[in-house]
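The UTP binding site feature in TrEMBL is assigned to Lys121, Gln184, Gly216, Asp247, Lys390. Feature annotation from TrEMBL assigns substrate binding site to His217.
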Amino acid sequence: DLSKAMSQDGASQFQEVIRQELELSVKKELEKILTTAPSHEFEHTKKDLDGFRKLFHRFLQEKGPSVDWGKIQRPPEDSIQPYEKIKARGLPDNISSVLNKLVVVKLNGGLGTSMGCKGPKSLIGVRNENTFLDLTVQQIEHLNKTYNTDVPLVLMNSFNTDEDTKKILQKYSHCRVKIYTFNQSRYPRINKESLLPVAKDVSYSGENTEAWYPPGHGDIYASFYNSGLLDTLIGEGKEYIFVSNIDNLGATVDLYILNHLMNPPNGKPCEFVMEVTNKTRADVKGGTLTQYEGKLRLVEIAQVPKAHVDEFKSVSKFKIFNTNNLWISLAAVKRLQEQNAIDMEIIVNPKTLDGGLNVIQLETAVGAAIKSFENSLGINVPRSRFLPVKTTSDLLLVMSNLYSLNAGSLTMSEKREFPTVPLVKLGSSFTKVQDYLRRFESIPDMLELDHLTVSGDVTFGKNVSLKGTVIIIANHGDRIDIPPGAVLENKIVSGNLRILDH
């Protein structure tokens, strides 16, 4: 046993030496990269690379899944409040003064590449020619006009989206919304084998184009603080930020949640609220809130040991998932950032570059910081507050008559008899937005639809109605054109337009 212990000790000492050498090599590489920064970008680049070094150091320290499954417990009853209970408190008379302490932050770092679009995802048209960004500005302008307030909009851009977004912002100069932007950090991708940075200099052109990445939305705390904007907003009397993904069309400012934060029922201020909603079969992979070592903690599927993944996906044990609609105290962000006390698990995201090189990028998620804040709370909100548009299947839902648009907000049509949205699966011919738009002469009537699957070369004429379960499958080499005015109810259409009852 003694020799075994000695050999284990020797092995861990050896690993420690390797780790220290690797950190030193990475440090040297980063210093080399920094020397290529132009003087006006030097400070900014240095902050980015310092942030990366801290993350890389933690990455080397951590081994195996970051949660001990045995310690995961269901959250205590009162730590996740039903939205109805929050809403039942009503609204105070001074709702305007409460709203004036709020800032809306949208995560705007993503590109529209997964939907075949170039440029920022927020500039994709989603409804009546309006983009995600248009709808966001309309919502906040409506609030400011209705309550005579000054709620600003802050966009967290990435180096991928910053330039294009700023060009577009000029068109809102007459809107009653102050718009600020700051950039999330820019970190170097690392070679999967050597664990050294792929980048040779700070540029992102030529062979360096793919060498850099924005490190996930967990970077919001450091980059918001580093930008100076956090201090500016605190100086203006702002107290809370409402953070959400710009592609979640359900994430509008909720006055009841805001009131709950500003006027806590037990007098104890809550520094962090995460909106969660009930899982359906489509959400089994979403991160869930648990109790862990006496604190609320977000557990993502990537952190779960393999043997427990099925249990994690179970809808009966973990009934809710994180919508990524978060309400966070600005003063708390400042305090924790200054104490270097925001702890988020590292997400290791493997990628293959165009040339075939395997790299990894180290990321963090904004919601993972919940355990670092005091008196955190989950609020179980209606599903309508989670309406993300990740694919053209989602786009079809939000463009259809299932929703009506009012002052930038989408609400489910009263004519829809069930509270849930239909399950829509459009095949690969619809993946790109321009192909999708070409295949619909007009968006079908979907008020009575439960399920739609479309596969192959299919087009829809004007004024088509879809009801119940509709499955349309064009065989390879065949094309199906659904004629104008067609009503498909519980139908399977296959091959070369044989219409069968489902």
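Glycine too: its Cβ is placed from the backbone N, Cα and C atoms.
Sequence-distant neighbours of Asp247 (UTP binding site): residues of the same chain at least 6 apart with a C-beta under 8 Å from its C-beta are Gly110, Lys121, Ser122, Phe132, Pro388, Val389, Lys390. Take Lys121, Gln184, Gly216, Asp247, Lys390, the residues named in the record as contacts for UTP: the widest Cα to Cα gap among them comes to 21 Å.
Spacing of Gln184 (UTP binding site) relative to His217 (substrate binding site) is 8 Å (Cα to Cα, whole number). When each of the binding-site residues Lys121, Lys390 is scored by how many other Cβ atoms sit within 10 Å of its Cβ, Lys390 comes out lowest. Sequence-distant contacts of Gly216 (UTP binding site), defined as residues of its own chain at least six apart whose C-beta falls under 8 angstroms from its C-beta, comprise Ile347, Asn349, Glu363, Thr364, Ala365. For the binding-site residues Gln184, His217, the greatest number of Cβ atoms within 10 Å around a candidate Cβ is found at Gln184.
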